[in-house]
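Below: one structure, written as structure tokens.
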Protein chains: 2
Amino acid sequence: MSDLVTRLRRHNWRITPQRRVIAETLEGSHVHFTAEEILERAVERMPELSRATVYNTLNEMVALGEVLELTLDGRSKRYDPNADHEHHHLICEGCGLMKDVHAMADPVDWLPGDERHGFSVTRASITYRGLCPECQAAAS
Amino acid sequence: MSDLVTRLRRHNWRITPQRRVIAETLEGSHVHFTAEEILERAVERMPELSRATVYNTLNEMVALGEVLELTLDGRSKRYDPNADHEHHHLICEGCGLMKDVHAMADPVDWLPGDERHGFSVTRASITYRGLCPECQAAAS
DNA sequence: TCCTAGCTTAGACTATGTCTAAACAAAGAA
DNA sequence: TTCTTTGTTTAGACATAGTCTAAGCTAGGA
């Protein structure tokens, strides 16, 4: 049973077969897929599924607040089904491997008032960068 | 005199007229331009300048470490000439306005060892999101 | 049953960025 | 000076990621 599907249903969102396949594909993996990767995997289960439906569905899930959109490499967006859970990202500059990580406090607390320029700051995310164990070994 | 040009020259990088115009366009503004915006403005000073040269030059300046590449909205990359200066970004979710900000400490220190997954973590950047004063006023 | 609203589809279109091949430019050698 | 080498610039083709459109489809209510 998909937790994401349950959360989506709470918004009175119609769960069509296409949307179910997309949600389950998104949730069934530990990595954050791009839209194309989700399309590729979902099509294995539902061959007639179209590219437009995948893009539409992902955008709607983001708008509902149940999926996070990540733009970390400047190429394509990635989708993270863990929308409620506060976390950050660690990226390998060698191979692009990405991990979810947790910091010790909320970075919003570390932005002084005089650096806020009158904004109401609601959230903050940290992108850590470095080399994963494999790329460190390859570089030495 | 452009400080960025001086820094680029230190790398024994040939400062051609095209490269100078691009560097000065990049540095002469307080906002972070996209490649297309830089092209548009640089062409006013040098009409024969090509798109490929702008993209090549920006990528080379990033590779030299003198310019930062930002991918904050998932659409197009933006370029920040302040590469040496440790700072983060505050973005308005209403209108996209972006400000440079400074946090009170280095977020690398706030990532526990058991959250590093064996990576050598070299840097971290924080993206703060909220609403700017104008968008707060418009929303209320 | 029919109607209606919303969903899905294929493919055209747009935006952003990269690649290629040829022309050009600068600096050193003869 | 002319030749050669190396690096730079150019126009335009190409690639990739994502959006839009118009038509058809589907589920649920009247």
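Heads up, the Cβ atoms here are built off N, Cα and C, so glycines get one too.
Residues or ranges marked as Zn(2+) binding site in TrEMBL: A:Cys92, A:Cys95, A:Cys132, A:Cys135. Around A:Cys92 (Zn(2+) binding site), a 10 Å sphere centred on its CB holds 20 further CB atoms from the protein chains shown.
By a Cβ separation below 8 angstroms, chain B lies close to these of the binding-site residues A:Cys92, A:Cys95, A:Cys132, A:Cys135: A:Cys92, A:Cys132. Each of the binding-site residues A:Cys95, A:Cys132, A:Cys135 was scored by other CB atoms within 10 A of its CB, and the lowest score goes to A:Cys95.
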